[in-house]
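Trainee: There's a structure below that I have some questions on.
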Amino acid sequence: MKNKNSEQNTHSTIGEQDIHYFHEGKHIYAYEFMGAHKACEEGIEGIRFTTWAPNAKSICVIGDFNYWQVEDKNYMEPITDAGLWSVFIPNAKNGDKYKFVVTNKDTNNYVYKSDPYAFFSELRPNTASIITTETQYTWSDDKWLEKRAKTNYYDNPMNVYELHLASWKTKNGKFLTYDELNETLPQYIKEMGYTHVEFMPLHEHPLDASWGYQPTGFYSVNSRHGDIIGLKRLVDKLHNNDIGVILDWVPGHFCKDQHGLIYFDGSPCYEYQEPTKAINKGWGTHNFDLGRNEVKCFLISNAMYWINEFHIDGLRVDAVSNILYLNYDREDGQWIPNIYGGHENLEGIAFLKELNGVLKHTCKGVITIAEESSSWPDISTPVEKGGLGFDFKWNMGWMNDTLRYISLDPVYRKYHHNLITFSMVYHYSEKFILSISHDEVVHGKKSLINKMWGDLWNKYAGLRLYMSYMIGHPGKKLIFMGSEFVQFVEWREYEQLQWQVVDQYESHKQTLHFFKKLNDLYHNETALWQCDYDHHGFRWIDADNSQQSILSFIRSSKDNKQKLIFICNFTPVTYYDYHLGVPDAGSYKEVFNSDNLEFGGSGQVMATEIFSSPQSSHGFEQRITIKIPPMATLVLKLIK
């Protein structure tokens, strides 16, 4: 089995070892020989096409090189009894469009299929694959990759900006190319202080409204924005600006458009044989057969492809619950229990462990993140310790609870105080990322600003309060594009964000400035990220003040030299002479206040130092007395 770190191999020979590992489900570089590859055979240059179709009677390659005609010389030959087919076509070349005509051995019916391993495809509504052999790129991110390999992300800052390339910005209503995005995106991410960008899926998909989560071309770069080299340049530029790149990846299911993977050889092939397991009615897709060796090779090799060829730093694995549970989104009677009578998908569990094991072994510094909405245990526990092996898990519970809380009238918040504190009960059970993602600002859920309670002033104040509380809460961070400058309408994938409001309204400009300053605070204060998953890094001062809806807690660095005190007031009431217990005697300085005038607040800031006094409060021997502004978060730091 070949083992390479970057750039596609143009050597087309399919060795016995490749074939063996492919059918055993252990080949992690299948894209090196599957699909269309440049070849020179008996002194003649051309393209070798290889595909897997175990129930095919015949497969013919048609395309620009033969005027889309079925010809005897372009029929593939079976090279194994388990469904590998291949043919060398001399006059095929880079840039030619092509498809496979696959005839089923039982029905004699034929289907026109795109190449599952194609590196590039036509833009919808066209569906042909495109021979792509010119993919070499000279990278300049060696320093980034060296640093990545040595980085422990658990005790380093991670502040992720999630975005959908097609709607971040457009040009005269048209998609920006990767090269056009290269001119503005890296600089914007860097100036705003985010450490990573998370791209929603970049593989080819026919329906814009699916946002990429119903793919057909798993190996094909999204053609809406350009070609392979353009995407590599964009990632390279991001890395050279010290910005990591995370990719949303969809290994659980696939689009059922007829040119894609569905019934690839005229019968279940990439999907499960049993319709109850294969058909995903909720999403209108088909689920991958994760117990089939060749399908596992397809998917794990795909993960390796994005990491090796595009230097992707992490994969956010979509819809993990759909992989883990046989009864996910299914009523009783619509699913078949496993061999032990349970609802766990044993094949899905084994696949996720194998995926994470392979990436840990071969891709130093690359992370995996689970989007998983149930309470499945040990998702971010290493495989060797009995877990699934992910590095992180999105904290969907925190997101649901806190967004519900922040939408309540402050009069009633005291009755639901547990919504804002409960997350710390289970926080250390997983390596959580606090995520406010695209899913929370679509389908009638309202934009983030419109989730906030009250009139316009209170909405803005509530947003600043909430985001400051989020920065202080243990766990890495993620926010969806548009929230940082207060987009009032829900996200729409068919148009660009409302960037014009930043120039038109001072409140939007002030909030954008707030996010930048908040991100600066996060990046500069070790206490906010060094002990996210260590009990030492967080301590409540007062978690029980439900009557006033005030939270207070301490964040600490490993060496205890840096301590930050957060006070979050979730009511529109100013509290004067508020006594707060503190861990150390000395003077404290306000280092952040979400009520600052420059952010659009009322300007109730503390310009002078605050000295502690030897009076017991909240279980501490020292206390300070402060004024807490309305709907605001204060951050204090011990300075001496």
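Quick reminder: no glycine exception, Cβ is built from N, Cα and C everywhere.
According to Swiss-Prot:
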ACT_SITE  ASP318  active site, nucleophile
ACT_SITE  GLU371  active site, proton donor
Trainee: Between the residue listed as 'active site, nucleophile' and GLU371 (active site, proton donor), how far is it from one CA atom to the other, in Å?
Mentor: 5
Trainee: Measure from the Cβ of the residue listed as 'active site, proton donor' and count the other Cβ atoms within 10 Å, all protein chains considered.
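Mentor: Taking every protein chain into account, the count is 19.
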Trainee: Would you mind checking how many other C-beta atoms are within 10 angstroms of the C-beta on the residue listed as 'active site, nucleophile'?
Mentor: 21
Trainee: According to DSSP, collapsed to three classes, what secondary structure does GLU371 (active site, proton donor) have?
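Mentor: Its secondary structure by DSSP: coil.
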